[in-house]
């Protein structure tokens with residue numbers, strides 16, 4: 001993508017505003033990115049594995065090492081005693097063991113609540129700003145952590161879980177937008193990846209917390225209650241942040257917008273030029289304020305590309321195979337000979353691999369662009385998934401009942417880690433980076449809300465249906481996801497424009513210059529033609 005893009009005044013290079021990596025912008029983005037701790041901690045503490053019976057069976061009865069509190073025996077005995085009774089009757093087929101609908105409701109209720117909250121956050125953000133919504137999300141997450149930690153019945157547990165979901169929905173909607181709007185265009189990708197970095201850190205902290213509390217009868221309460229710690233961190237940190245310039249301008253506070261720009265860009269940057277571009281974009285958006293942002297995004301022809309990627313990017317993320325990677329990781333590390341600490345070791349190794357891949361993506365994303373990460377990540381994932389399908393099918397039997405030879409188990413371990421690196425360097429960060437930068441200001445909150453809600457909705461669907469898919473496809477599940485990765489990668493390469501280094505206010509020119517999407521958008525200045 002060329003460095004020169006169009007804005008209200010003509011051709012402007014991406015670095016024309018002079019924004020650099022000042023200490024202020026680094027601290028500001030660091031605090032905002034820490035919102036990822038909330039989602040990451042909850043994923044790790046409750047577990048993405050929707051079948052406790054499978055997780056426990058894979059570990060030969062080692063409760064609490066993987067999959068979160070839903071695998072802790074005291075937790076199950078307190079709220080789901082029938083699950084423990086039914087586990088003893090699990091069939092030998094490790095692909096088709098049953099699960100509990102009540103327990104999956106506990107796990108999945110967060111995603112439903114988060115879906116609703118993220119849609120509501122699109123409107124609330126226009127009133128309170130990005131910072132205000134992050135504060136609200138942190139407060140709700142703290143309340144949810146307190147309620148689940150002190151729960152005495154299933155109803156209280158699920159209500160607390162829903163409060164956690166509301167907190168996740170608000171934070172996931174506001175924090176990536178905040179990062180995209182505050183970061184200088186040259187470094188926007190690297191700084192926005194910080195959200196995924198903290199998300200991964202939250203998962204690791206939760207896994208270690210579960211390991212430390214698994215042997216204590218009331219340890220599950222501590223694991224759930226400690227969700228308040230990342231919530232306090234983001235709430236306290238957000239109090240010291242300024243809101244984004246775009247958010248200030250949308251609420252008529254231009255002077256505060258200029259002060260915010262000076263704070264994060266430094267006095268040597270041309271903040272007046274950047275402020276002028278922001279004001280121009282907001283004024284253009286106000287020309288159609290009589291129609292709601294969600295309605296415009298869904299029904300207006302000019303926003304067809306934005307709506308397409310608000311739906312397609314979460315689909316790419318979910319169909320990358322992250323669920324099967326998470327689901328099979330304990331089995332992979334156990335058969336590779338890690339013994340009784342297989343789950344913890346697997347979590348630590350995978351977390352380390354993902355951290356390393358995130359560092360790599362941070363170095364590459366603003367130098368070579370988003371599509372390079374898509375291609376590299378897809379190549380790694382496809383090769384590893386196809387190889388894993390062959391090894392699992394040929395060396396472990398149709399139902400996973402055959403002991404796998406040592407050499408193949410080690411190969412499976414290595415392939416799983418490489419697959420995790422492929423995901424960690426591509427769709428793990430890109431699901432937060434791209435939606436935050438592709439939407440024009442008038443539908444930016446709505447677009448991010450749709451993207452987050454679709455992500456959470458698809459996670460809910462995956463959680464509820466993955467066992468049925470696994471039971472039918474067995475080891476071919478790896479190949480199933482490899483096919484989706486190939487298809488979605490081809491779609492992205494053909495239809496997604498490169499957004500590296502483009503100021504947000506000039507993003508309209510990117511769509512207007514694309515061979516396919518230019519037939520839908522206006523003249524490239526971000527102002528819609530108001531055709532339906």
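The backbone N, Cα and C atoms fix where each Cβ goes, glycine too.
Bear in mind that TrEMBL entries carry predicted annotations, made automatically and left uncurated.
The following features are taken from TrEMBL:
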TRANSMEM  21-41  transmembrane segment
DOMAIN    28-500  domain 'Major facilitator superfamily (MFS) profile'
TRANSMEM  62-80  transmembrane segment
TRANSMEM  100-121  transmembrane segment
TRANSMEM  133-152  transmembrane segment
TRANSMEM  158-179  transmembrane segment
TRANSMEM  191-212  transmembrane segment
TRANSMEM  218-241  transmembrane segment
TRANSMEM  309-331  transmembrane segment
TRANSMEM  343-365  transmembrane segment
TRANSMEM  372-391  transmembrane segment
TRANSMEM  411-434  transmembrane segment
TRANSMEM  478-496  transmembrane segment
Between the transmembrane segment (478-496) and the transmembrane segment (158-179), are there three or more CB pairs that fall under 8 A, provided the residues in each pair are separated by 6 or more in sequence? no
By Cβ distance under 8 Å, which residues at least 6 away from the ends of the transmembrane segment (21-41) in the same chain are close to it? 134, 137-138, 141, 167-168, 171-172, 174-175, 178-179, 182-184, 187, 191-192, 194-206, 226-227, 230-231, 233-234, 237-238, 240-242, 263-266, 432
Rank 133-152, 191-212, 218-241, 372-391, 411-434 by Cβ pairs under 8 Å to the transmembrane segment (478-496) and hand me the top one. 372-391
Averaged over the domain 'Major facilitator superfamily (MFS) profile' (28-500), what pLDDT does the predicted model reach? 78
